[in-house]
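What follows is a set of notes on a single structure, which appears directly below.
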Amino acid sequence: MIEAKHIEKSFFLTKAKEGRFASLRTLFSREQREVKAVHDISFSIDRGEFVGYIGPNGAGKSTTIKMLAGILHPSQGEIRIGGYSPQRERIQVASQIGVVFGQRTQLWWDLPVRDSFEILQAMYKINDKAYRRSMEAYQELLDLHEFLDTPVRKLSLGQRMRADLAAALLHDPPVLFLDEPTIGLDVVAKTRIRAFLKEVNQTQKKTILLTTHDMDDIEQLCNRIIVINHGKKMMDTSLVDLRRQIGLPSLIRIEFRQPPEKLYDLEGIKRMELAENVLSIYFDKGKISSPRILAEVAGWGEPLDIQMKEPGIEEIIRLIYR
Amino acid sequence: MFALYRKLIAASIRSQMQYKINFVTSAATTGMIMVLDFIILSAILYRFHDVVGWNIYEVGMLYGISSASVSLYRLFAPEINDFEKYIVQGELDQLLIRPVSPLLLLLTRNLDLSRVGGVVQGMSVLVVSLSGLAAEGKSIMGLVLFSPIAILSGGVIYFSIGLATAGVAFWTHQMKDMLTFTIYAPANASNYPIGLYPNWLKWLFFSAIPIAYMNYLPMLTLLGKGGAWFYPILTPVAAAIAFYFARMLWNVGIRHYHSTGS
């Protein structure tokens, strides 16, 4: 469904001039610096896969998605979406894909949500029957009716994201590109978006490529993970394999009134560190739940404060390198 | 295609109407600036009577066509003139994921209705000039018939220059400075007979920034100033050629679009 062969993207950054006629002098300047945002990346994604595309900031995630979506032209290499090239056959590819950028809405800012949907219907030439069918399905799954007549600028972030998702799916594209769809959302909104994405992936067999910084997104949604760093592919593996290789450790940090006298080992706990009266427990969420740990640890002393930390993407990169 | 254009334009007008006060004040300001502009020009002309052999009504023809044309461009293509933000802030992204030409989407994102004032002002100057010429006993039939062609062609020429500038901005990431050279200064220059200017500037206005074809060249013929019979035909032809090359440059530019990191 999605095919990328040895794609590269280099940017030539011209050093911007300052002062009088800056733009003209910049145009004719020869001082250029080549930056390789994406370097020889290949992958192939089948229909119905849910792939997490992860890496630290500036790794080239967005650049890759933008090349797949036909926004940017790769400097080298070939891309196929459903058999079409996003560069040479952009229009065909556009009707095959739905794109959501978490940071920026695709909706008409000052108009009611409904108006955006109607404009998109005309733009994608969706016939009335299919349009009604999509609207009914997504209204139910995303509760759109709550804010269908509200101007987009007045929506909460969570509502806006729901509207954006429905808008991206309106023309029933087989492929979805989601760039940080849960960024900035609260837990409730995140859970809701995830449930929706899972549903769409499983019942409609949509192929989804998702970038995120949230490891919960990855754990709950993706069955495959591609890790990139500095524009290069570092790893392409299933979630199960990733967990086996590096374990995706979650962290609980507990501050006790008195340092506990004895630490007991539990199934699923990978490592414990005690510094004065603060105990750090690294554990595998797949094997033991945090409430189990807390229940257990409460017997070791009197907890004053509890902090939970999910492994960040940087942590994972570090573990892969190790 | 046309149905979609109408729908998108209607949407952007509805969006603008959300900010009614802003709309009214900006229309009023634009109108006032343009009136002031013309008063200054008339004052100069009354003082000197003619400019290199062109009397006030003849210059009025040049001025009216240029003014209406540039306003027409600013009315329909404000997002081209303001294209820098699409490149610098990566806003072009959202236009490139749609199964429609990004140019169509750009042109429908916004209409600068406050420029209607400029179009009306330009046409009023034309009407005054035409009646002045008629009073001098000149035949104005050809001029009346040609004026709409000149205004439309002029609009296309300005649009093409704007589009080409936007195309170059894919490399420079900067457009506002360039517009001074490619649109604003030439628009002022074309209010007067091009014959006034030094040769290199004349060359420029007949080639890279082809504003001479919009009013000066056809007026040489239609006002009986020694132009060849086919000069007026060159007006729409030049507009078409300019548009063709501007599109080409724009299409090459889009391939160099960098977007922004998210």
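Note: Cβ is positioned from N, Cα and C throughout, glycine not excepted.
Sequence annotations record features per position, and here TrEMBL assigns transmembrane segment to B:21-48, B:54-76, B:116-134, B:140-171, B:200-217, B:229-250.
Within the same chain, residues 27, 30-31, 34-35, 38, 56-58, 60-61, 63-72, 74-75, 140, 143-144, 147, 151, 223 sit at least 6 positions outside the transmembrane segment (B:116-134) and bring their C-beta atoms closer than 8 Å to a C-beta of that stretch. Remote same-chain partners of the transmembrane segment (B:140-171), defined as residues 6 or more beyond its termini with a Cβ less than 8 Å from a stretch Cβ, comprise 61, 64-66, 68-70, 72-73, 76-77, 80-81, 83-84, 87, 103, 122-123, 126, 130, 133-134, 178-179, 182-183, 186-187, 209-211, 213-215, 218, 222-223, 232, 235-236, 238-240, 242-243, 245-247, 249-254, 256-258.
Same-chain residues lying 6 or more positions outside the transmembrane segment (B:229-250) and placing a CB less than 8 Å from one of its CB atoms are 103, 142, 146, 149-150, 152-154, 156-157, 159-161, 163-164, 166-168, 210, 213-214, 217-218, 220-222.
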